[in-house]
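Undergrad: Right, I'll just put the structure down here and ask away after.
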Amino acid sequence: MFRVITRGAHTAASRQALIEKIIRVDHAGELGADRIYAGQLAVLQGSSVGSVIKKMWDEEKEHLDTMERLAAKHNVPHTVFSPVFSVAAYALGVGSALLGKEGAMACTIAVEELIGQHYNDQLKELLADDPETHKELLKILTRLRDEELHHHDTGVEHDGMKAPAYSALKWIIQTGCKGAIAIAEKI
């Protein structure tokens, strides 16, 4: 008797569903990051961290463009909540920046820490399925994750952990991000 051994845990249909889920949620996340930094820069453009925020925003614009290309390539529609996420993220950016540079950087730390963990979870899922099939996506997500974690470190270097009520602020922001991720994975 012969046994067929498969490395991948997914059928073709479930593999496509996995790719769609990852691209849809990551597009939403990169859209959110783009809007957060736009909101922060609207408030802090002339400040000591204005150029730092601008640099991170430029990188997020490139990340969003990458996700737009992946969505088009794999025919993945954006989450229907994109307009809501866009407004909420811009408001988060403005609101965190109104707390000063520490507030803006606390927001960066909270978001980028969670997104780094989220990218790691996705990478593990793709590796468990089939590294060869997902080679291109693994390379892209690894690069994006590394750049997001660099943003996290930038937030730490620029006193984000000194923001008023840092722990509460971080918890609120990460809870909101987790909710957005859960929604975008499905819709």
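Glycine is no exception: its Cβ is also placed from the backbone N, Cα and C atoms.
Sharing the feature lines straight out of Swiss-Prot:
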- LYS21, LYS186: NADH binding site (BINDING)
- GLU30, GLU60, HIS63, GLU148: Fe cation 1 binding site (BINDING)
- 28-187: region '2 X approximate tandem repeats' (REGION)
- 28-99: repeat '1' (REPEAT)
- 100-187: repeat '2' (REPEAT)
- 1-8: transit peptide (TRANSIT)
Undergrad: Compute the C-alpha separation of LYS186 (NADH binding site) from GLU30 (Fe cation 1 binding site), stating it in Å without decimals.
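TA: Just about 17 Å between their Cα atoms.
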Undergrad: Could you give me three numbers for the repeat '1' (28-99), the DSSP helix, strand and coil residue counts?
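TA: Helix (H, G, I), strand (E, B), coil: 58 helix, 0 strand, 14 coil.
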Undergrad: How does the model score the region '2 X approximate tandem repeats' (28-187) in terms of mean pLDDT?
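TA: Looking only at the region '2 X approximate tandem repeats' (28-187), pLDDT averages out to 96.
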Undergrad: Roughly how many angstrom lie between the C-alpha atoms of GLU60 (Fe cation 1 binding site) and LYS21 (NADH binding site)?
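TA: Cα to Cα, GLU60 (Fe cation 1 binding site) and LYS21 (NADH binding site) are separated by 20 Å.
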Undergrad: May I ask for the distance between GLU30 (Fe cation 1 binding site) and LYS21 (NADH binding site), taken between their Cα atoms and rounded to an integer number of Å?
TA: 14
Undergrad: For HIS63 (Fe cation 1 binding site) and LYS21 (NADH binding site), determine the Cα separation and express it in whole Å.
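TA: The Cα atom of HIS63 (Fe cation 1 binding site) is 17 Å away from the Cα atom of LYS21 (NADH binding site).
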Undergrad: Give me the CA-CA distance between LYS21 (NADH binding site) and GLU148 (Fe cation 1 binding site), in Å, as a whole number.
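TA: Here the two Cα atoms are 20 Å apart.
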Undergrad: Among all protein chains shown, how many Cβ atoms are found within 10 Å of the Cβ of LYS21 (NADH binding site), not counting that one?
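TA: The answer is 16.
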Undergrad: Compute the mean position of the Cβ atoms of GLU30, GLU60, HIS63, GLU148, which form the recorded Fe cation 1 site, and then list in sequence order the other residues of that chain whose Cβ is within 8 Å of it.
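TA: Output for this site, in sequence order: GLY29, ALA33, ASP34, GLU59, GLU62, LEU64, MET67, ILE115, LEU144, GLU147.
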Undergrad: Return the single residue from the binding-site residues list (HIS63, LYS186) that has the minimum number of other CB atoms within 10 Å.
TA: LYS186
